[in-house]
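Worksheet for the structure shown next.
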């Protein structure tokens, strides 16, 4: 074996191991060396074996299949203590084996490899596998952003020191050079001393493939001010000592509940009978629970911050109305759960895409696939004839905006103007305006007083999935398929800020309580927090394993909840960027989240036809020391599950008095 072959084998070895800098240094040394000392491989048996293994064809497709299959068998047969950590390595290795085969032109072998081992990862990574399945040629690795990002970045995996040593020892002993090269080039192990921890105890043990964890860590060091606005109505009310006694709160809530129940009776033909009975039962239970003193809240008082946006002026009449609601607010806790009012859409012909409820529950809106927006006034429903119900059916009467079937006056107001399906709707805090977003790339502002379209906002290039009014009104945020979120004001037709950085669709958006930040959830499985004034990303939250569908901010602005397509809810501390507690319980998509007004409870609504109430106070009081001692399952508490007959939950909203409103569409008759 001559010197040239030895040099070639060493270069091949360094390349396979992923040692790029060492490879470049070696090549540079060979070029500048005038005389290369001869190497006698027979004098070193280990070197001889190594060079012989490297002399085998490096691009043999069968080697990928053989080495991965052996690694998979070894990981599954490992000790139970270390098995969970070792199994985490398989998915990124599987992905890069497939892409290596594609890059070398072995398309058929790549497809066979993909189909052979795909089932192992289907449950946890189904969406990624669907995208990966579309990579069918070497050019796709460069043209498709998803594949290109995977090739250019490393996967972060948390693993204990002993598991790491076991893995490296196995790869060296079995001379699995292909697997070793992939591990070195595409996986970044975050090695920790001590015993391995179960994956369920830490949402960040496996970081999202394609995300740059180092960049995220740098961004998460930025300072943010999560407190509440100075001189807010709540603060003024507290200073004035204007809080009512428990008995007065109970009386006020009972009055609100009675009024709502009257509305329910008038439209009972359009609601689920079980929901009406449950409402009465919950009200009776709630009335007795409200006299119980809520648990002492030991949470620190939220700091006060100045607004970075010019705030709109609130009229005296509206201010008095809000103060009245705040005085009559019921304090909720694990011992005093909220009353729930559930609105059910029927006869929608599978056309309902979204729903929204006004702050006081008096107006309910639905966005439909036929590009229409419909609003029901709960007070007027009782004035309709007995056969008028809350329904979304499209009728063909001559005067469609006035009359329904049989000449009966229609029970809703029809808003037409979009030229594509309506995907989101949001009421202003006062309820005098409503925004809608559509597949036609526009956002429209409507007046609920004039029943007319006021403005059409154009800026996004693709469908707009979500739009949300700010807590003070006037400003709103939108999220789109064009991978951006935008900040708007009602008086300007162009966006004020454009937030770009997500790698895929921005599916949902939510304002922070102080209006200085917005949060965005994306199909790239991350949540980002943005500074409204500068437009910069100040936090990246990594841990979800599927697209983010809903977000909610705690009233004090300290915590954020996010929910995904798999049914997982995560509670985040905004200041640290850490996941406080994952909330597991739903078995399908979670479409909506809402915090109670004092922040002690979180409500979640899902496609599994349930509303769940969670004890947030218990989940967020856990200290860092306690976090290390106990698992996630001990850190959270599901207080109650409220099932519907067959109604996926689209929307949840707590009124200022802490009555919980919910809306959904009847999927089938049971």
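Placed from the backbone N, Cα and C atoms, the Cβ positions cover glycine too.
The domain 'TFIID subunit TAF5 NTD2' annotation in TrEMBL covers 59-187. In the predicted model, the domain 'TFIID subunit TAF5 NTD2' (59-187) has a mean pLDDT of 86.
Positions annotated as region 'Disordered' by TrEMBL: 241-281.
Per TrEMBL, the feature compositional bias 'Basic and acidic residues' maps to 246-268.
Secondary structure by DSSP for the repeat 'WD' (345-378): 1 helix, 20 strand, 13 coil. Taken from TrEMBL, the feature repeat 'WD' applies to 345-378 (among others).
Sequence annotations record features per position, and here TrEMBL assigns repeat 'WD' to 415-447 (among others). Through the fold, the repeat 'WD' (415-447) approaches residues 318, 353-360, 362-363, 365-375, 453-458, 460-469, 471-473, 476, 478, 480, 488, 490 of its own chain, all at least 6 residues removed from its boundaries and within a Cβ separation under 8 Å.
Tertiary proximity for the repeat 'WD' (457-498) is limited to same-chain residues at least six positions away from its ends with a CB under 8 Å from its CB atoms, namely 309, 311-312, 420, 423-430, 433, 435-445, 504-511, 513, 515, 518, 520-522, 530, 532, 535. Look at TrEMBL and you will find 457-498 (among others) tagged as repeat 'WD'.
Helix, strand and coil counts under DSSP for the repeat 'WD' (499-540) come to 0 helix, 24 strand, 18 coil. The repeat 'WD' annotation in TrEMBL covers 499-540 (among others).
Marked as repeat 'WD' by TrEMBL: 541-582 (among others).
As annotated by TrEMBL, repeat 'WD' applies to 583-624 (among others). Counting only same-chain residues 6+ beyond the ends of the repeat 'WD' (583-624), those with a CB under 8 A from a CB of the stretch are 294-295, 297-299, 329, 331-334, 337-338, 340, 342, 549-556, 559, 561-571, 573, 630, 632-633, 635-654, 656-658, 660, 662, 664, 667.
Away from its own ends, the repeat 'WD' (499-540) comes close to residues 127, 145-146, 149, 208, 210-211, 215-216, 219-220, 222, 224-229, 305, 307-309, 311, 465-472, 475, 477-481, 483-487, 546-557, 560, 562, 564, 572, 574, 577 of its chain (Cβ-Cβ under 8 Å, at least six residues beyond either end).
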